[in-house]
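Peer 1: One structure, as structure tokens, below. Some questions next.
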């Protein structure tokens, strides 16, 4: 009984202590680079605010977790920060992140800190739900990653990690097909050739999901993209058509099969249960394979070069801070801690996340030599354009790509182009 | 003033009842108001506003934009209209197949378990009703497993030497499939013209193979409920009516066709109405099962409304979809009422059966 009565008192105490400690921490150098701006806003919504006594209270953190490991790692990081700052941070794991986040925003009581996906970023930035704290951060992030979190010229959020696409190769099947490390495909033709060689019966040589998030890598290799430099739709181009034609060709020769056709939910699963010998997937697959198929031996190599050189896609999640948070200063401080080199390296070791800051490049390579192919792609990777409505456009693209085998690439690109043009203006 | 009224009030034995009535209704009115009327009013406002999903839409956060959200769905040239049209097509095929099927199956099951000679009637009733009381999420998941490419259904088909399709991943429409079986793979130029942003050819695709799984699922889960409604109605039909028909020499089929079904008309109306509403609102199976995939062929307006609001933060559009859906349901129900009523006065049925059809009404009045 005593812990029950004790706990609220403890919580009520914390905010007071928190302010002092945070100031100390900022000065101490954990976030030295921004010491100047660290105390920009203060507690804007102090007692009179709509938060109803929440101001300065514990921070609420909402994440969409990939599993127990991620939940535990984030919880540990929060506890660590709480110890330093004296501010409690409570973690909730969302079953459906976009829905729970939207509910919080609409109700005017959003979580203070949360994961935000680039596809959804622009929608939230557009309605002013996000605190644009980017200017108060270090400047060591990979520039290409930051592009996904810029809205109307302003850096709103920072990325918490990064991932790129690479080629996963099943060692055993590779060897059995009489292939060696010299045969790792460097060009489209080589990819097609080995994929054909590796496919047999119900097994496909290569698999990836029918969506821009995979096929877009081939578009990049052909010199294509979704939007041009000025952010305008630029989908219906000969480059993109070349890429789609190549994917279609691989589908036709049965070298490539979509995961659905292999009875798998996604590319990683098809690769893991060996119904495909190669897969175009991102680094999250490493963790998933270790979990579900611990005995699988595989190699990760960079994606082959296309007619216009190397190309890959990159993905990330950002740390969003709610504009309606009662304690944005503490929230931003928490984010600063979570993207710090130490915290990111801990996440990397526990979860295999690839860091979002260049500072860790070498340390990460040393830690994960087998995965350096992912990091190799970062300099030239393309990200999700931060456009409001991009999510529907990508969904439309995916729907079209599912039927690629029976469609003209040009028709698909034309329809996606008009859809994207409607949202980019 | 009061001097004139008081005696009148005292005279009426109903005078105190009005206040009592309001009192007893108060909880219901408050609850309905709070959880139905206010939210609907709110949604209506949101559908004509630019509310972005942050804060209260009744405060300064939202501005009136007139019919812009509706226009975007009906006349715009972006994805919004195309997606809406796609979802309407998908749902229309779903309704077109589910409503008649579930009604017929439910009626059949009801007639079956209503027969007194049937052994283990209780067991059969429970078995048929069971899918209806099971959580739709659980059943959807089971169906997803049954209909994977190497799932139970395809194994079964395999025994019959039929290679089943990759059900839930197959975006091809069944009408398109049938046409391509007779060699028509691409549309004639006439069918290329778009209606609501979607080619006529695409409108005519028929439900996708994936959607067929959801159609089977819906028939499977709802037939039990409607069987119960039919069963209750069947037990209201007195045995004499049936007997007199037997004496007149009517066969079992004739009795079903000319006696049972006409007498079930009120129930039939209820079942079809509930079916129409339920099928136009299909959401949870889609949310758990496919989220609109493959190729948006299982996208439904209800799910699209959710998607537009919660993931795209287009709350105005989401609310507008909901109201268009509401309009569709109302129109459909009115149409259906008209059709059923017309038949009632159509006089195409043999005259001699009319008295028996109205018999229970007389009984009720007595």
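In case you wondered, yes, glycine gets a Cβ from its N, Cα and C as well.
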Peer 1: Of the ranges B:60-81, B:126-147, which one does TrEMBL list as transmembrane segment?
Peer 2: B:126-147
Peer 1: Looking at the ranges B:315-335, B:336-356, which is given as transmembrane segment in TrEMBL?
Peer 2: B:315-335
Peer 1: Which range is it, out of B:208-234, B:235-261, that shows up in TrEMBL as transmembrane segment?
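Peer 2: When B:208-234, B:235-261 are checked in TrEMBL, transmembrane segment belongs to B:208-234.
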Peer 1: Which stretch does TrEMBL mark as transmembrane segment, out of B:179-199, B:263-283?
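Peer 2: My reading of TrEMBL: the transmembrane segment range is B:263-283.
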Peer 1: How about the transmembrane segment (B:315-335) with the transmembrane segment (B:21-46) - do they touch, taking at least 3 C-beta pairs under 8 Å (6 or more apart in sequence) as contact?
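Peer 2: Contact criterion met.
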Peer 1: If we skip the immediate neighbours and take only residues 6+ beyond the ends of the transmembrane segment (B:92-114), which ones have a Cβ under 8 Å from one of its Cβ atoms?
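Peer 2: Beyond its ends, the transmembrane segment (B:92-114) has Cβ neighbours at 121, 124-125, 128, 206-207, 211, 214-215, 218-219, 222-231, 234-235, 256, 260-261, 264, 268, 271-272, 275-276, 279-280, 282, 300, 332.
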